[in-house]
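Below you'll find the structure, written out as structure tokens, and then a few comments.
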Number of protein chains: 2
Amino acid sequence: MPALLNTADPDFKAGFAAMLAAKREDADDVGAAVADIIDEVRARGDAALVALTARFDRTDLTAETLRFSETEIDAACARVDPAERAALELAAGRIRAYHARQMPEDALWTDASGAQLGWRWTPVTAAGLYVPGGQASYPSSVLMNAIPARVAGVERLVVCVPTPGGAVNPLVLLACRLAGVDEVWRIGGAQAIAAMAHGTQTMRPVDKITGPGNAYVAAAKRQVFGRVGIDSIAGPSEVLVIAEGAQNPEWLALDLLAQAEHDADAQAILMTPDQGLARAVAAEVERILPQLPRAAIAGASWQAHGTIIITRDLAEAAALSNRIAPEHLELCVDDAEGLAAQIRHAGAIFLGAWTPEATGDYVSGPNHVLPTARSARFSSGLSVLDFLKRSTLSRLTPAALAAIGPAAVTLAMSEGLPAHARSVQARLDDLPPLPRP
Amino acid sequence: MPALLNTADPDFKAGFAAMLAAKREDADDVGAAVADIIDEVRARGDAALVALTARFDRTDLTAETLRFSETEIDAACARVDPAERAALELAAGRIRAYHARQMPEDALWTDASGAQLGWRWTPVTAAGLYVPGGQASYPSSVLMNAIPARVAGVERLVVCVPTPGGAVNPLVLLACRLAGVDEVWRIGGAQAIAAMAHGTQTMRPVDKITGPGNAYVAAAKRQVFGRVGIDSIAGPSEVLVIAEGAQNPEWLALDLLAQAEHDADAQAILMTPDQGLARAVAAEVERILPQLPRAAIAGASWQAHGTIIITRDLAEAAALSNRIAPEHLELCVDDAEGLAAQIRHAGAIFLGAWTPEATGDYVSGPNHVLPTARSARFSSGLSVLDFLKRSTLSRLTPAALAAIGPAAVTLAMSEGLPAHARSVQARLDDLPPLPRP
């Protein structure tokens, strides 16, 4: 049975706080092992990658075969079923169109003092994308990471994907092709992160690394952060479905189970003022669960983390949602836009019951890399901005310096930085004759 | 003597690579001590803050006096010299005007499938700003951190500033007032970061923490990251001045020394194709250095990290600048805009010799919290975006789901996530009659 909370109960506050505070993931401390792997890759380069790949992925490579050849990628792409190719192409096109709208604009203006001010966006030169191997090797994640980088104008886009036991997912390679990835390497784990951050004899380093991974990959990303940029470290996934009225309980149950089937740490929450709907959805979950191929995983998630919360009304549901700050938020209510206006913290909002969360995982267009574990309070999903950075611009004229320079001199002196003050004062002392304002 | 490199020399490549790789900062490993402090604050709250402040800042406080009262802030503000107040007000106004232009726009559109897509920006609810005490207690940093948060719409803005031995900088309190800070606490170090991240009996926790600090503060920010958002961890500051032609060598020397006086780890670099100018600037540095109140610090920085690089031409200087990715870049050349167009990685660009870097530290308007240690390759200075996050929006109509849903079903099945597929298929099975396209 999932947890059942009712905001009318006297112990609701404690139960809700316990749910918020619950850790759904055991953090393995693999920091020392990862530091050793990074040192080994820095010291020995390709030779370390070959040795570590033989050890961890049971795959024998050479410095020459660490990277997929174009011929190998072509051959894998040719093996993809036409319906799957068409679906991936539809997804790629829609993700590209959505992210193209995110491109920010440069700015330059002249203010009242005569100072020219502004900023300019430029792309990261080289980005690396980690793609897990095995069961969690998702072509959709390749699209969601690589396409924003390409839209941003990243020049060189590298993918690392392990091939444990030699297993290659042709859809992943096709997704790389469709997204315009330049290099695909068959390496994984902390060694792949180390190679992308530091480079080897055959791989040039990148400037930013994104993409999901296991505890070793996450620890490696933390350790190379600073030398390169990284995206956020993803935790277990979660969905909150807020529902009322004449909803189809089967649809809502499937949305909860779609989240639960990700892994046993995933969390699915239903919030509704309608006790009858809550009972109906819970019954549908129990009915459908045994039919699912991933019933064991989905069942474990639903038992351990599944939660149904009865609220007084939708306004209360919105307020509780803002405390959860869910990664995915489905609003299956009559006035979804009205309810959305009360939402302050959520990674992705799905409006209305015709917008199941799974469409956002694949084809709607917005990114599916989203803030987990309440981090939507302070962070956003992946976007083109993750592959861009901004240089601020300023140009003072002599008149502008005359207007604002003396304040800089005053502040520099008050902060005990006299050379700062002198660098401005020397110019003020040499001002050309200025037109009277 | 600073390092002198010439791109025409056969050993330039090695010398430049060594400069890029040089670590200018010893990272003290204070992680374990900081973890203990955080645990203590979490366990005992205000009592821990009182005890730790007595120990580290030699200041006796109670739970009631951890926070500055409005009366205390009023009294401190009244002590500020009118010229300093006017300078701070000018700076605050200009920083506010610049950052107001950074506010991003929401978006919502309907695509060809009938899907409504878009995003919405919302502010972080509560932000905390760390302000170092003692010598490096800079009112300008209060403005640079607090004003973007206020412009972004942050509801509650908290400042922590230690008062070692009871010393209070009235300008810091005035800067808090001018920037609209809601709460000012006289605590510092890792205990202040812990309090802002976890809250105490008297301090409610925040969602995001920004601001500079020593090794303890930096380690604490790393450790609470995830529970709250943080800004980047700042390293030692640097400036690159690219110059040519009839420049005033004294001005350029002062700009280099303004950087060098920050601390002995700071780095000042001059790059020019003009050997005569290089010699003149170097001579001016030597002439001015002994006159500076902070001659010991600036001299140590210039000796250890100061570098003059002679390039073949400005295009080569731009290419080398892109490898350095400087925090501050001054372009003291005839066609500064033309040269800026060749710059790909820089935190802040100062165009023309009438725009000394120090104006950017105080009054120009762009932020002075900028990426250090080559991280301008992948990150940007502080902005309103650091206090905002984006929720993506999607609403599918039955017709849109009919158009794109089948591709989601195909991809979910190919990724082995059948409940995802069923959540879409269940709706496709129940589609109402659709108008023919």
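Cβ from N, Cα, C; glycine included.
Note that the structure is a prediction, hence the values are computed from the model and not measured.
Under the heading NAD(+) binding site, TrEMBL lists B:Tyr130, B:Gln191, B:Asn214. B:Asn214 (NAD(+) binding site) has a Cβ environment of 16 other Cβ atoms inside 10 Å. Following the DSSP three-state reduction, the secondary structure of B:Asn214 (NAD(+) binding site) is coil.
Look at TrEMBL and you will find B:Ser237, B:Gln259, B:His262, B:His328, B:Asp361, B:Glu415, B:His420 tagged as substrate binding site. Of all Cβ atoms in the shown protein chains, 29 besides its own fall within 10 Å of the Cβ of B:His420 (substrate binding site).
Counted within 10 Å of its Cβ, the other Cβ atoms near B:Asp361 (substrate binding site) come to 27, all protein chains included. What TrEMBL lists as Zn(2+) binding site is B:Gln259, B:His262, B:Asp361, B:His420.
If you take the C-beta of B:Glu327 (active site, proton acceptor) and look for same-chain residues 6 or more apart in sequence within under 8 angstroms, you find B:Ser237, B:Glu238, B:Val239, B:Ala346, B:Gly347, B:Ala348, B:Leu370, B:Pro371, B:Thr372, B:Ala376. According to TrEMBL, the feature active site, proton acceptor maps to B:Glu327 (among others).
Listed in sequence order, B:Ser237, B:Glu238, B:Val239, B:Leu240, B:Gln259, B:Ala346, B:Gly347, B:Ala348, B:Phe350, B:Glu357, B:Gly360, B:Leu370 are the same-chain residues six or more apart from B:His328 (substrate binding site) with CB atoms under 8 A from its CB. What TrEMBL records for B:His328 (among others) is active site, proton acceptor.
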Recorded positions among B:Gln191, B:Asn214, B:Glu327, B:His328 whose Cβ lies under 8 Å from any chain A Cβ:
none
Distance in Å spanning the most remote Cα pair of B:Ser237, B:Gln259, B:His262, B:His328, B:Asp361, B:Glu415, B:His420, given for substrate:
56
Whose Cβ lies within 8 Å of the mean position of the Cβ atoms of B:Tyr130, B:Gln191, B:Asn214, the NAD(+) site, other than those residues?
B:Pro132, B:Cys160, B:Pro162, B:Gly188, B:Gly189, B:Ala190, B:Ala192, B:Ile193, B:Gly213, B:Tyr216, B:Val217, B:Ala220
Given B:His420 (substrate binding site) and B:Tyr130 (NAD(+) binding site), what distance in Å do their CA atoms have, once rounded to a whole number?
44
Report, in whole Å, the straight Cα-to-Cα distance of B:Glu415 (substrate binding site) from B:Asn214 (NAD(+) binding site).
47
What is the one among the binding-site residues B:Gln191, B:Ser237, B:Gln259 whose Cβ has the most other Cβ atoms less than or equal to 10 Å away?
B:Gln259
